[in-house]
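Below is a structure I'd like to ask you about.
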Amino acid sequence: MTTTEEALTFESTSKFAQVRPHLKLHYHEAGVGNDTTIVLLHGGGPGASSWSNFARNIPVLAEKFHVLAVDQPGYGLSDKPTEHPQYFVHSASALKDLLDTLGVGGRVHLLGNSLGGGAAVRFALDYPDRAGRLVLMGPGGLSVNLFAPDPTEGVKNLGKFGYQPTRENLEAFLRIMVFDQKLITDELIDERFAAASTPESLAAAKAMGKSFSSADFELGMLWRDAYKLRQRVLLIWGREDRVNPLDGALVALKMIPRAQLHVFGGCGHWAQLEKFDEFNRLATDFLLDGGK
(Lines of atoms letter the chains of each structure in order from A; the text may use other names.)
(Lines give C-alpha, C1' and ligand atoms only; values in the text may rest on other atoms or scores of the structure.)
Protein backbone atom coordinates (compact mmCIF):
# COMPACT_ATOMS: atom_id res chain seq x y z
CA MET A 1 0.00 0.00 0.00
CA THR A 2 1.38 3.41 -0.96
CA THR A 3 1.59 6.47 1.27
CA THR A 4 -1.21 8.04 -0.75
CA GLU A 5 -3.46 5.03 -0.19
CA GLU A 6 -2.77 5.17 3.53
CA ALA A 7 -3.66 8.87 3.65
CA LEU A 8 -7.00 8.50 1.88
CA THR A 9 -9.42 6.57 4.03
CA PHE A 10 -13.18 6.10 3.95
CA GLU A 11 -13.55 8.63 6.74
CA SER A 12 -11.15 11.23 5.35
CA THR A 13 -12.89 11.34 1.97
CA SER A 14 -16.52 10.83 3.04
CA LYS A 15 -18.97 13.69 2.39
CA PHE A 16 -22.70 14.32 2.01
CA ALA A 17 -24.68 16.76 -0.12
CA GLN A 18 -28.38 17.60 -0.01
CA VAL A 19 -29.04 17.77 -3.74
CA ARG A 20 -32.85 17.97 -3.53
CA PRO A 21 -35.29 18.50 -0.66
CA HIS A 22 -35.78 14.73 -0.37
CA LEU A 23 -32.50 13.37 -1.72
CA LYS A 24 -29.17 13.38 0.07
CA LEU A 25 -26.19 11.79 -1.65
CA HIS A 26 -23.03 10.41 -0.11
CA TYR A 27 -19.76 10.62 -2.01
CA HIS A 28 -16.00 10.43 -1.57
CA GLU A 29 -13.84 13.35 -2.67
CA ALA A 30 -10.09 13.36 -3.30
CA GLY A 31 -7.56 15.23 -5.42
CA VAL A 32 -9.27 18.53 -4.64
CA GLY A 33 -6.42 20.65 -6.02
CA ASN A 34 -6.59 19.11 -9.50
CA ASP A 35 -8.34 20.95 -12.33
CA THR A 36 -10.13 18.09 -14.08
CA THR A 37 -12.98 16.28 -12.35
CA ILE A 38 -13.72 12.58 -12.80
CA VAL A 39 -16.89 11.00 -11.45
CA LEU A 40 -16.81 7.32 -10.45
CA LEU A 41 -20.10 5.40 -10.58
CA HIS A 42 -20.26 1.94 -9.01
CA GLY A 43 -22.15 -1.17 -10.12
CA GLY A 44 -25.58 -2.28 -8.98
CA GLY A 45 -24.92 -5.54 -7.14
CA PRO A 46 -26.24 -6.10 -3.60
CA GLY A 47 -24.30 -4.05 -1.08
CA ALA A 48 -22.41 -2.08 -3.72
CA SER A 49 -21.09 1.42 -3.02
CA SER A 50 -18.51 3.78 -4.42
CA TRP A 51 -16.00 2.71 -1.77
CA SER A 52 -16.59 -1.02 -2.27
CA ASN A 53 -15.99 -0.67 -6.02
CA PHE A 54 -13.25 1.97 -6.12
CA ALA A 55 -11.46 2.21 -2.76
CA ARG A 56 -8.09 1.25 -4.25
CA ASN A 57 -8.56 3.21 -7.48
CA ILE A 58 -9.42 6.52 -5.82
CA PRO A 59 -5.89 7.30 -4.52
CA VAL A 60 -4.29 6.54 -7.89
CA LEU A 61 -6.77 8.65 -9.86
CA ALA A 62 -6.55 11.45 -7.28
CA GLU A 63 -2.91 11.98 -8.22
CA LYS A 64 -4.09 13.43 -11.55
CA PHE A 65 -7.79 14.27 -11.12
CA HIS A 66 -10.34 15.79 -8.79
CA VAL A 67 -12.22 12.60 -7.89
CA LEU A 68 -15.89 12.34 -6.94
CA ALA A 69 -16.84 8.73 -6.19
CA VAL A 70 -20.60 8.80 -5.76
CA ASP A 71 -22.94 6.42 -3.96
CA GLN A 72 -25.77 6.32 -6.47
CA PRO A 73 -29.33 6.70 -5.12
CA GLY A 74 -30.36 3.54 -3.31
CA TYR A 75 -26.80 2.49 -2.51
CA GLY A 76 -24.16 3.03 0.14
CA LEU A 77 -24.93 5.90 2.48
CA SER A 78 -27.04 7.81 -0.04
CA ASP A 79 -30.79 8.09 0.41
CA LYS A 80 -32.85 5.19 -0.89
CA PRO A 81 -36.04 6.46 -2.54
CA THR A 82 -38.39 3.84 -3.95
CA GLU A 83 -40.42 6.12 -6.22
CA HIS A 84 -38.39 7.28 -9.20
CA PRO A 85 -38.20 7.15 -13.01
CA GLN A 86 -36.16 4.63 -14.98
CA TYR A 87 -33.03 4.10 -12.89
CA PHE A 88 -30.43 5.41 -15.34
CA VAL A 89 -32.45 8.63 -15.70
CA HIS A 90 -32.86 8.77 -11.92
CA SER A 91 -29.14 8.40 -11.23
CA ALA A 92 -28.01 10.71 -14.05
CA SER A 93 -30.30 13.52 -12.93
CA ALA A 94 -29.19 13.07 -9.32
CA LEU A 95 -25.56 13.35 -10.45
CA LYS A 96 -26.33 16.51 -12.38
CA ASP A 97 -27.91 17.99 -9.24
CA LEU A 98 -24.88 16.93 -7.18
CA LEU A 99 -22.48 18.68 -9.54
CA ASP A 100 -24.65 21.81 -9.46
CA THR A 101 -24.80 21.70 -5.67
CA LEU A 102 -21.01 21.38 -5.42
CA GLY A 103 -20.43 24.11 -7.99
CA VAL A 104 -18.61 21.79 -10.38
CA GLY A 105 -19.17 23.38 -13.78
CA GLY A 106 -18.07 22.45 -17.26
CA ARG A 107 -17.42 18.92 -18.38
CA VAL A 108 -16.55 16.03 -16.09
CA HIS A 109 -15.10 12.70 -17.13
CA LEU A 110 -17.16 9.67 -16.14
CA LEU A 111 -15.93 6.23 -15.15
CA GLY A 112 -18.68 3.68 -14.58
CA ASN A 113 -18.90 -0.02 -13.84
CA SER A 114 -21.97 -2.06 -14.88
CA LEU A 115 -25.02 -0.15 -13.59
CA GLY A 116 -22.77 2.88 -13.13
CA GLY A 117 -21.66 2.59 -16.74
CA GLY A 118 -25.28 2.81 -17.81
CA ALA A 119 -25.84 5.85 -15.60
CA ALA A 120 -22.73 7.47 -17.10
CA VAL A 121 -24.04 6.94 -20.63
CA ARG A 122 -27.47 8.30 -19.70
CA PHE A 123 -25.77 11.36 -18.17
CA ALA A 124 -23.79 11.93 -21.38
CA LEU A 125 -26.94 11.60 -23.49
CA ASP A 126 -29.12 13.82 -21.31
CA TYR A 127 -26.47 16.45 -20.43
CA PRO A 128 -24.00 16.35 -23.33
CA ASP A 129 -22.46 19.71 -22.45
CA ARG A 130 -21.53 18.39 -18.99
CA ALA A 131 -19.90 15.11 -20.03
CA GLY A 132 -16.28 14.69 -21.02
CA ARG A 133 -14.76 11.31 -21.84
CA LEU A 134 -16.31 8.04 -20.72
CA VAL A 135 -14.58 4.94 -19.35
CA LEU A 136 -17.15 2.14 -19.20
CA MET A 137 -16.53 -1.31 -17.72
CA GLY A 138 -19.10 -3.90 -18.78
CA PRO A 139 -21.77 -1.16 -18.89
CA GLY A 140 -25.40 -2.02 -18.27
CA GLY A 141 -27.97 -0.95 -20.85
CA LEU A 142 -25.31 -0.52 -23.51
CA SER A 143 -24.33 -4.16 -23.93
CA VAL A 144 -26.45 -6.39 -26.15
CA ASN A 145 -25.85 -10.13 -25.88
CA LEU A 146 -25.47 -11.42 -29.43
CA PHE A 147 -24.44 -14.98 -28.54
CA ALA A 148 -24.61 -15.36 -24.76
CA PRO A 149 -27.97 -16.42 -23.27
CA ASP A 150 -30.17 -13.77 -21.75
CA PRO A 151 -30.62 -13.36 -18.83
CA THR A 152 -27.00 -14.06 -18.09
CA GLU A 153 -25.68 -16.14 -15.22
CA GLY A 154 -24.93 -12.99 -13.25
CA VAL A 155 -28.37 -11.47 -13.77
CA LYS A 156 -30.04 -14.74 -12.76
CA ASN A 157 -28.09 -14.82 -9.50
CA LEU A 158 -28.86 -11.16 -8.87
CA GLY A 159 -32.55 -11.98 -9.14
CA LYS A 160 -32.13 -14.99 -6.87
CA PHE A 161 -30.71 -12.78 -4.12
CA GLY A 162 -33.61 -10.39 -4.58
CA TYR A 163 -36.11 -13.18 -4.01
CA GLN A 164 -34.14 -14.85 -1.21
CA PRO A 165 -31.59 -12.42 0.31
CA THR A 166 -29.33 -14.86 2.13
CA ARG A 167 -25.59 -14.74 2.68
CA GLU A 168 -25.22 -17.90 0.59
CA ASN A 169 -27.01 -16.36 -2.38
CA LEU A 170 -24.91 -13.22 -2.10
CA GLU A 171 -21.71 -15.25 -2.07
CA ALA A 172 -22.86 -17.11 -5.19
CA PHE A 173 -23.50 -13.78 -6.91
CA LEU A 174 -20.15 -12.27 -5.89
CA ARG A 175 -18.24 -15.30 -7.12
CA ILE A 176 -19.70 -14.78 -10.58
CA MET A 177 -18.29 -11.24 -10.57
CA VAL A 178 -14.66 -12.29 -10.75
CA PHE A 179 -12.30 -14.67 -12.51
CA ASP A 180 -9.90 -14.75 -9.54
CA GLN A 181 -11.90 -16.38 -6.75
CA LYS A 182 -9.36 -15.32 -4.11
CA LEU A 183 -10.87 -11.82 -4.30
CA ILE A 184 -14.09 -13.05 -2.70
CA THR A 185 -13.16 -13.18 0.97
CA ASP A 186 -15.36 -13.82 3.99
CA GLU A 187 -14.78 -10.22 5.01
CA LEU A 188 -16.07 -8.94 1.65
CA ILE A 189 -19.12 -11.21 1.76
CA ASP A 190 -19.98 -10.13 5.30
CA GLU A 191 -19.51 -6.45 4.46
CA ARG A 192 -21.66 -6.60 1.35
CA PHE A 193 -24.36 -8.71 3.03
CA ALA A 194 -24.65 -6.28 5.94
CA ALA A 195 -25.17 -3.41 3.50
CA ALA A 196 -27.51 -5.31 1.16
CA SER A 197 -29.83 -6.94 3.67
CA THR A 198 -31.30 -3.89 5.42
CA PRO A 199 -35.00 -3.26 4.70
CA GLU A 200 -34.15 0.07 3.05
CA SER A 201 -31.56 -1.50 0.72
CA LEU A 202 -33.84 -4.37 -0.24
CA ALA A 203 -36.71 -1.98 -1.02
CA ALA A 204 -34.42 0.28 -3.07
CA ALA A 205 -33.05 -2.68 -5.03
CA LYS A 206 -36.57 -3.86 -5.79
CA ALA A 207 -37.54 -0.37 -7.01
CA MET A 208 -34.41 -0.17 -9.15
CA GLY A 209 -35.17 -3.49 -10.81
CA LYS A 210 -38.82 -2.60 -11.33
CA SER A 211 -37.81 0.60 -13.15
CA PHE A 212 -36.37 -1.49 -15.98
CA SER A 213 -39.86 -2.78 -16.79
CA SER A 214 -41.85 0.39 -16.05
CA ALA A 215 -43.58 2.65 -18.58
CA ASP A 216 -40.33 4.47 -19.42
CA PHE A 217 -38.19 1.30 -19.56
CA GLU A 218 -36.96 2.10 -23.06
CA LEU A 219 -34.83 4.89 -21.59
CA GLY A 220 -32.69 2.09 -20.17
CA MET A 221 -32.07 0.60 -23.62
CA LEU A 222 -29.02 2.78 -24.14
CA TRP A 223 -27.72 0.90 -27.17
CA ARG A 224 -30.55 2.46 -29.18
CA ASP A 225 -29.10 5.93 -28.66
CA ALA A 226 -25.42 5.03 -28.56
CA TYR A 227 -24.86 6.64 -31.97
CA LYS A 228 -25.66 10.03 -30.40
CA LEU A 229 -22.61 9.96 -28.12
CA ARG A 230 -20.03 12.45 -29.34
CA GLN A 231 -17.59 11.94 -26.49
CA ARG A 232 -14.56 9.69 -26.72
CA VAL A 233 -15.49 6.38 -25.10
CA LEU A 234 -13.21 3.66 -23.76
CA LEU A 235 -15.02 0.34 -23.38
CA ILE A 236 -13.29 -2.09 -21.00
CA TRP A 237 -14.39 -5.69 -20.77
CA GLY A 238 -13.26 -8.81 -18.96
CA ARG A 239 -13.07 -11.78 -21.31
CA GLU A 240 -14.64 -13.96 -18.62
CA ASP A 241 -17.41 -11.51 -17.68
CA ARG A 242 -20.47 -13.59 -16.72
CA VAL A 243 -22.75 -10.62 -16.00
CA ASN A 244 -22.43 -8.64 -19.23
CA PRO A 245 -20.50 -11.05 -21.48
CA LEU A 246 -17.91 -9.86 -23.96
CA ASP A 247 -20.12 -10.29 -27.03
CA GLY A 248 -22.28 -7.53 -25.57
CA ALA A 249 -19.56 -5.02 -26.46
CA LEU A 250 -19.91 -5.46 -30.20
CA VAL A 251 -23.03 -3.39 -30.82
CA ALA A 252 -21.71 -0.51 -28.70
CA LEU A 253 -18.36 -0.65 -30.46
CA LYS A 254 -20.08 -0.45 -33.83
CA MET A 255 -22.53 2.31 -32.94
CA ILE A 256 -20.48 4.73 -30.81
CA PRO A 257 -18.59 6.94 -33.29
CA ARG A 258 -15.49 7.49 -31.15
CA ALA A 259 -15.30 4.22 -29.24
CA GLN A 260 -12.40 1.92 -28.57
CA LEU A 261 -12.44 -1.46 -26.82
CA HIS A 262 -9.89 -3.03 -24.49
CA VAL A 263 -10.32 -6.63 -23.37
CA PHE A 264 -8.58 -8.14 -20.34
CA GLY A 265 -8.05 -11.89 -20.37
CA GLY A 266 -8.39 -13.70 -17.04
CA CYS A 267 -10.87 -11.08 -15.88
CA GLY A 268 -14.53 -11.00 -14.94
CA HIS A 269 -16.92 -8.11 -14.32
CA TRP A 270 -14.67 -6.13 -11.95
CA ALA A 271 -11.83 -5.03 -14.23
CA GLN A 272 -10.92 -2.13 -11.93
CA LEU A 273 -10.07 -4.65 -9.20
CA GLU A 274 -8.88 -7.75 -11.04
CA LYS A 275 -6.55 -5.82 -13.35
CA PHE A 276 -5.86 -3.00 -10.92
CA ASP A 277 -2.52 -1.65 -12.18
CA GLU A 278 -3.23 -2.12 -15.88
CA PHE A 279 -6.70 -0.65 -15.52
CA ASN A 280 -5.45 2.47 -13.74
CA ARG A 281 -2.76 3.09 -16.38
CA LEU A 282 -5.19 2.48 -19.22
CA ALA A 283 -7.90 4.76 -17.85
CA THR A 284 -5.47 7.52 -16.85
CA ASP A 285 -3.70 7.53 -20.22
CA PHE A 286 -7.03 7.64 -22.06
CA LEU A 287 -8.33 10.54 -19.99
CA LEU A 288 -5.10 12.55 -20.20
CA ASP A 289 -4.50 11.98 -23.91
CA GLY A 290 -4.48 15.41 -25.52
CA GLY A 291 -6.18 14.28 -28.72
CA LYS A 292 -9.68 15.50 -29.48
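Any Cβ shown, glycine's included, is placed from N, Cα and C.
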Say Swiss-Prot lists GLY44, GLY45, ASN53, ASN113, TRP270 as binding substrate: which of ARG175, ARG192 is in the same site, per that record?
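Substrate site check in Swiss-Prot: besides GLY44, GLY45, ASN53, ASN113, TRP270, the record includes ARG192 out of ARG175, ARG192.
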Within 8 Å of the Cβ centroid of the substrate site residues GLY44, GLY45, ASN53, ASN113, ARG192, TRP270, which other residues of the same chain have their Cβ?
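After dropping the recorded site residues, what remains is HIS42, GLY43, ALA48, SER52, SER114, LEU115, MET177, HIS269.
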Rounded to an integer, what is the Cα-Cα distance in Å between ASN113 (substrate binding site) and HIS269 (active site, proton acceptor)?
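Taking the Cα atoms only, ASN113 (substrate binding site) lies 8 Å from HIS269 (active site, proton acceptor).
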Between HIS269 (active site, proton acceptor) and ARG192 (substrate binding site), what C-alpha distance do you get in Å?
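Between the alpha carbons of HIS269 (active site, proton acceptor) and ARG192 (substrate binding site) there are 16 Å.
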